[in-house]
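Undergrad: Sharing the record's features from TrEMBL:
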TRANSMEM  108-125  transmembrane segment
TRANSMEM  137-168  transmembrane segment
TRANSMEM  174-196  transmembrane segment
TRANSMEM  316-339  transmembrane segment
TRANSMEM  391-413  transmembrane segment
TRANSMEM  425-449  transmembrane segment
TRANSMEM  461-482  transmembrane segment
TRANSMEM  494-515  transmembrane segment
TRANSMEM  548-568  transmembrane segment
Amino acid sequence: MATIALPSASQISLATSSSSCRRRSVPLLSAKSTVQRRDRGPSAKISCAFSPVFLKPLPLLPSPNSFFLGGLRSPRLAPVKPSAVVAAQNNSSSSSSSAPAWQGAKPLPLLISVGVGLIVQFLVPKPVEVTAQAWQLLSIFISTIAGLVMNPLPVGACTFIALTTAVITRTLSFTAAFNGFTNEVIWLIVISFFFARGFVKTGLGDRIATYFVKWLGKSTLGLSYGLTVSEALMGPAMPSTTARAGGVFLPIIKSLSLSNGSLPNDNSSKKLGAYLIQSQFQACCNSSALFLTAAAQNLLCLKLAEELGVVISSPWVTWFKVASVPAIIALLAVPYLLYKLDPPEIKDTPEAPGIAAKRLEEMGPVTRNEWVMVGTMLLAVSLWVCGDMLGITSVVTAMLGLSVLLLLGVLDWDDCLSEKSAWDTLAWFAVLVGMAGQLTNLGIVQWMSGCVAKILASFSLSWPAAFGILQAAYFMIHYLFASQTGHVGALYSAFLAMHLAAGVPGVLAALALAYNTNLFGSLTHYSSGQAAVYYGAGYVDLPDVFKLGFIIAVFNALIWCGVGIFWWKFLGLY
């Protein structure tokens, strides 16, 4: 009988290493992958469209032949163990391990979340003006919001259980409970995820940003402005700040940083990467506030305002006109302020334009799919701007754009099905919006706003003073939220009603709250989807995120209030 000699572990390791060395480069912008932060635990795990960066203890330096968004040297691979050894180790560890960990809801957060609702339902006296049905729905809604904050389960699971509770207790009928799923703004938000995927899949977003690096990238500050301006210009047609962060700008920032020896989770992160991450993270909230279609929550804010009787004519144009002056000033000021507050060690990047030019040369001419994406987005933005005159709503425009992308093969249905974040948002956000709408219909929001108005009136506050207090409260409460859209669904209607009850002009109140919703997205490392993406890259420390987040928040407030108040007076908002 012939015998077969199995290779040793060292032989396997050497063979693997030598074959890997023949692969000189790994493209940074590649398929969807997951990065696990080693030093910050599971909470730092993020998923977005960029290639994994090999973290310590195997730091990588860029290859001399690397191009922009190009290759890195392959890392030294750890010795490969024979399968028998691995199996033995697995059996040993499994036999010695205790019972599997609990996989369900976290007991203490669940107890607190449910307990808050029960206290409201059974221990807090029901006001005479409020019906029993409305009070019961309020208790379920408060328990749901507590669940969003305490996080006993994923957001979608919490909201589904809350919806089930509302139906089982006959607080809402099945039709009323699922009414939020027919909300056109919810579907507009879902379709915006697919648009963002088109930008990433075709490489159009990468191409646009690379051009700005080529034009403005001779210095670190110029590089920051190039990235900031390119994001602002992409905003109207790519209505997801998180998608712009993870699919376009983070891969570019990582490539630039690595090419200058600035590594994540390393002392060298301060050379370049930390500044570019902070600058893009803090500036993106202003670019999202500049255009109505630059962020999903913007459209929802106007829909909720409409339900309270605040109707904004020509919403796209009005939104841009009101936001333009303060947003553009903040966009120009924030990168420079961060350059002074947290300066990078590398001040000049003379090689960046050349690297970008080489990268554009590698990309080749604009592809057919990129041209289709450009044409579709121009059509969509045009209809968003002029749709009112043609009788075409924003969601119909989005549906038309997605249909074009599907018909011409830029996206396929598998692309849409694989956008888990889109369907997850549909599930939990529709529940929150539906419950908030039912609270309005049952009179809870009006009752709460009346109570707050009486309190403010007891202090003899003018409407400008009440406006400032309510705006500040709405902003600071976001320290308790891990989602901008969740914050809007939970509190926007209530705070707008309080503004109206205090005598604040309706359009001013509605738009100011909506702009505020964008500005607090850069407050913490958990305050928004893009916050998790940028923090998870490993270039910024947690204390710096909180410190700079608060400083820039105050700076933005000064600009939007100081400059905005005069601009809004000029426009006749009050």
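Glycine residues also receive a Cβ, built from the backbone N, Cα and C atoms like all the rest.
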Undergrad: Using a Cβ cut-off under 8 Å, which residues of the same chain at least 6 positions beyond either end of the transmembrane segment (137-168) come close to it?
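TA: Same-chain residues near the transmembrane segment (137-168) but 6 or more away: 105-107, 109-110, 112-114, 116-118, 120-121, 130, 174, 177-178, 424, 427-428, 431-432, 435-436, 438-439, 442, 444, 480-483, 486, 490.
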Undergrad: Would you kindly check 108-125, 461-482, 494-515 and say which stretch has the most C-beta pairs under 8 angstroms to the transmembrane segment (316-339)?
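TA: Result: 494-515.
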Undergrad: Does the structure show the transmembrane segment (174-196) and the transmembrane segment (548-568) touching, where I'm treating 3 or more Cβ pairs under 8 angstroms (sequence separation 6 or more) as a contact?
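TA: The transmembrane segment (548-568) and the transmembrane segment (174-196): touching, no.
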Undergrad: With CB pairs under 8 Å as the measure, which of the listed stretches 391-413, 425-449, 461-482 comes out on top against the transmembrane segment (548-568)?
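TA: The stretch with the most close Cβ contacts to the transmembrane segment (548-568) is 461-482.
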Undergrad: So what's near the transmembrane segment (461-482) in sequence-distant terms, Cβ-Cβ under 8 Å and 6+ beyond its ends?
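TA: 148-149, 151, 490-491, 495, 498-499, 502-505, 508-509, 512-513, 516, 519-520, 523-524, 526-527, 553, 557, 561.
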